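Contents: one structure, followed by commentary.
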Amino acid sequence: MESEQLFHRGYYRNSYNSITSASSDEELLDGAGVIMDFQTSEDDNLLDGDTVVGTHYTMTNGGSINSSTHLLDLLDEPIPGVGTYDDFHTIDWVREKCKDRERHRRINSKKKESAWEMTKSLYDAWSGWLVVTLTGLASGALAGLIDIAADWMTDLKEGICLSALWYNHEQCCWGSNETTFEERDKCPQWKTWAELIIGQAEGPGSYIMNYIMYIFWALSFAFLAVSLVKVFAPYACGSGIPEIKTILSGFIIRGYLGKWTLMIKTITLVLAVASGLSLGKEGPLVHVACCCGNIFSYLFPKYSTNEAKKREVLSAASAAGVSVAFGAPIGGVLFSLEEVSYYFPLKTLWRSFFAALVAAFVLRSINPFGNSRLVLFYVEYHTPWYLFELFPFILLGVFGGLWGAFFIRANIAWCRRRKSTKFGKYPVLEVIIVAAITAVIAFPNPYTRLNTSELIKELFTDCGPLESSSLCDYRNDMNASKIVDDIPDRPAGIGVYSAIWQLCLALIFKIIMTVFTFGIKVPSGLFIPSMAIGAIAGRIVGIAVEQLAYYHHDWFIFKEWCEVGADCITPGLYAMVGAAACLGGVTRMTVSLVVIVFELTGGLEYIVPLMAAVMTSKWVGDAFGREGIYEAHIRLNGYPFLDAKEEFTHTTLAADVMRPRRNDPPLAVLTQDNMTVDDIENMINETSYNGFPVIMSKESQRLVGFALRRDLTIAIESARKKQEGIVGSSRVCFAQHTPSLPAESPRPLKLRSILDMSPFTVTDHTPMEIVVDIFRKLGLRQCLVTHNGIVLGIITKKNILEHLEQLKQHVEPLAPPWHYNKKRYPPSYGPDGKPRPRFNNVQLNPIDEEREETEEEVRLLNSTTL
């Protein structure tokens, strides 16, 4: 029961609760009608290994005070935990960058004092390169291990090598002298399960036994994978890229990149791929690489104590993950820049490139596929493309865009239904059902029985004299003296037509099963299934164009290039273009996708067809919705992610979005020297806000700074333990100088060191377009709204996400009345222009006079409209 609760945490609950007694201002937005519950447990913290559980809060290792306060009135020593973040909170990018600059200045100022300080300075300067080197080494090694294990376990469903149990089918037959050209995959050393169990290699009995064993192994691998995920690491399921994007934008998810997640994801990824489900390992490899980067970053204080710097390492790690997933180091760097990274300075570009280089070098050294290549489906074409082929390439782009739009809508609808119905409460049963259906339908068709990467390799491969696939079963009219790489177009044989029908059935099967597979509770990537769908469609189109050119070579579009006996059309190229188009339609990637695919093929001359297909798929997909699959899942799960790609075109103002609203309770504020410890603790216990503006006094109400809830809690608890004389009636002072107090008063508590003296502020008439831009580019957690220096309200990232969601759902905010923009006093002022008295966050005076004035103006407005 405990494991079931652990597995369902974060997916099926109906409220948001912080790890502390109060919730955060960064509560997750219910973007799809379902609010995630990110309630965590002690088990996760212990598994993650990088948090320490306190009495009322969770502290990360390290942490320091705000760097801008070192010249101010500091306490005797830094307060442990101040400046760190709770789980499921958003980091303050500006504060983290200030902390890093102050650390850098401190190290530079001391490096000339001694040789030891100089050594520490050099270690700090090189720590960035060291951590990305370690990340690249680990990513490459784990990727090679996953590739080898997945290949062996995939072949285990069909048989076993008796001479060496650790060999897969291909390796088992490498050293055999009894294989033939036509049946190169058959050798005495490799035994199918039918041969081992019933002693028959052919016949109906053999087929049925192999069928049964195929289903048995598929269900066993799937059940083991989902069980490990459910019991040990619930965060190991899925692709991981939506969560990586959210984490890189500044969100904290403890345990998502921890050691247990890394170990379980590595093991279950092998099992999930070997089970034959319609998923890939490329997306989860990005998650695995980021886990490595997160773990190694804790070895270096420069990154372990600074969340913003740690995200630079994670950006480099994501580049290394794509590098080993596709054998595309440059494409990995561009993928990190284009798709996942939120903050990508120039030095991160260099380190990402280096991490991708190291990871690719390690994977190449391991050589998991035995072909001296970084990927299984590396191909080279020897025929150029012709101008008339742009038309079928663009058609493949249209197909990719339509497939992407259909898949996003269908998969999101199914995932939403899974979350909102009882079916989602039984993830193990869902995985078993999907795996059983996949295995039962996949086995009869040789193209669906193949491992997806093997299928893509076969579809990409150009037909030559050494190919024995049915896709290359042409009627051979060529001369024996013809060179190998220039085989002319030939009429299709019976095998080709049979393969086309099987590919059509495989296309339908892949489309349907991928919709239901992506999102189940096992590691599941989307790159390879999408590429397989596009490759199948592209190969079918390529064969059709090839036969059209052969039988109608005198048409004007073929006449110039496709003469009789010429090698004109390459169907494998169409498969490659279709794969890129479908992947682009689902993810809406452009530049990085083109680079990844042309790195796969090793040729630059096919960039134009790839660009045409990818851009067409993006345009077609954007016509149905601008969100890619990862952004759609981010919104479905309610992650607080502000997408920089979206445009804000509405005319609302900051006053329309800020809290409190007109009917809400007044804004909770602190005064700089008039409140006691009990007053602040009562306010913390009675409210759920993430921070509080600090004003000069109840009379002035002018802004002094901003104090975070977590910092206040930690500072007060630390002061009670370490400072004598701090009691509940002690005066709390945020000012630089302590006010004079009576002699019998208890010792005051000075908290100026935790005060943000320069919080970001906007006026109430600032357009929301500018506010959203500020939040996106500076990574703010909150922004205060003022009027002539008087605090009116606050805008958090949650408020912006809610506002954007309302605009997406066409719930436009009510237009302000005609008298809204006239010169008037803010709500915190009375009709006489003087500030209303406040006691903490309670307004004392009634506002009847202003209410009468408002009603009069509304009456005049109504009379003018009649």
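Just so it is clear, glycine is given a Cβ too, placed from its N, Cα and C backbone atoms.
Here TrEMBL flags 847-856 as compositional bias 'Acidic residues'.
According to TrEMBL, the domain 'CBS' annotation covers 658-722 (among others). Residues of the domain 'CBS' (658-722) grouped by DSSP class, helix first, strand second and coil last, total 24 helix, 17 strand, 24 coil.
TrEMBL lists 755-814 (among others) with the feature domain 'CBS'. Counting residues of the domain 'CBS' (755-814) by DSSP class, helix then strand then coil, yields 23 helix, 18 strand, 19 coil.
Taken from TrEMBL, the feature region 'Disordered' applies to 818-856.
For the transmembrane segment (126-150), same-chain residues at least 6 beyond its ends with a Cβ under 8 Å from one of its own Cβ atoms are 266, 269-270, 273-274, 281, 285, 288-289, 292-293, 296-297, 299-300, 302-303, 312-313, 316-317, 320-321, 323-325, 347, 351-352, 354-363, 365-366, 368-369, 376, 451. TrEMBL lists 126-150 (among others) with the feature transmembrane segment.
As annotated by TrEMBL, transmembrane segment applies to 214-236 (among others). Counting residues 6+ beyond its ends, the transmembrane segment (214-236) has Cβ neighbours under 8 Å at 3-4, 6-7, 9-10, 47, 153, 156-158, 243, 253, 255-256, 258, 260-261, 263-265, 267-268, 271-272, 274-277, 427-428, 431-432, 434-436, 438-440, 443, 449, 520-523 in the same chain.
TrEMBL lists 256-277 (among others) with the feature transmembrane segment. Remote same-chain partners of the transmembrane segment (256-277), defined as residues 6 or more beyond its termini with a Cβ less than 8 Å from a stretch Cβ, comprise 47-50, 142, 145-146, 149-150, 153-154, 156-157, 214, 217-219, 221-222, 224-226, 228-229, 232-233, 235-236, 240, 243, 247, 284-285, 287-288, 290-295, 314, 434-435, 438-439, 442, 449, 451, 513, 517, 520, 522-524.
Annotation comment: TrEMBL describes 284-301 (among others) as transmembrane segment. Cβ atoms under 8 Å from those of the transmembrane segment (284-301) belong to residues 50, 61-62, 127, 130-132, 134-135, 138-139, 142-143, 146, 239-241, 243-244, 247, 257-259, 261-262, 265-266, 269, 310, 313-314, 316-318, 320-322, 324-325, 340, 359, 523-525 of the same chain, restricted to positions at least 6 beyond its ends.
Residues or ranges marked as transmembrane segment by TrEMBL: 313-337 (among others).
According to TrEMBL, the feature transmembrane segment maps to 386-408 (among others). Long-range neighbours of the transmembrane segment (386-408) within the same chain, counting only residues 6 or more positions beyond its ends whose Cβ lies under 8 Å from a Cβ of the stretch, are 511, 514-515, 530, 533-534, 537-538, 541-542, 545, 557-558, 561, 568-569, 574, 577-578, 580-588, 608-609, 612-625, 627-629, 632.
What TrEMBL records for 428-447 (among others) is transmembrane segment.
Annotation source TrEMBL lists transmembrane segment at 499-520 (among others).
Positions annotated as transmembrane segment by TrEMBL: 532-553 (among others).
Within the chain carrying the transmembrane segment (573-598), a Cβ under 8 angstroms from the stretch's Cβ atoms is held by residues 322, 326, 328, 330-332, 334-335, 337-339, 379, 381, 383, 385, 392-393, 396-397, 399-405, 407-408, 456, 459-460, 462, 526-527, 530-539, 541-542, 545, 604, 606-607, 609-611, 613-618, 620-622, 626-630, all 6 or more beyond its ends. Per TrEMBL, transmembrane segment is recorded for 573-598 (among others).
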Compare 313-337, 428-447, 532-553 by their Cβ pairs under 8 Å to the transmembrane segment (499-520) and return the stretch that comes out on top.
-> 428-447
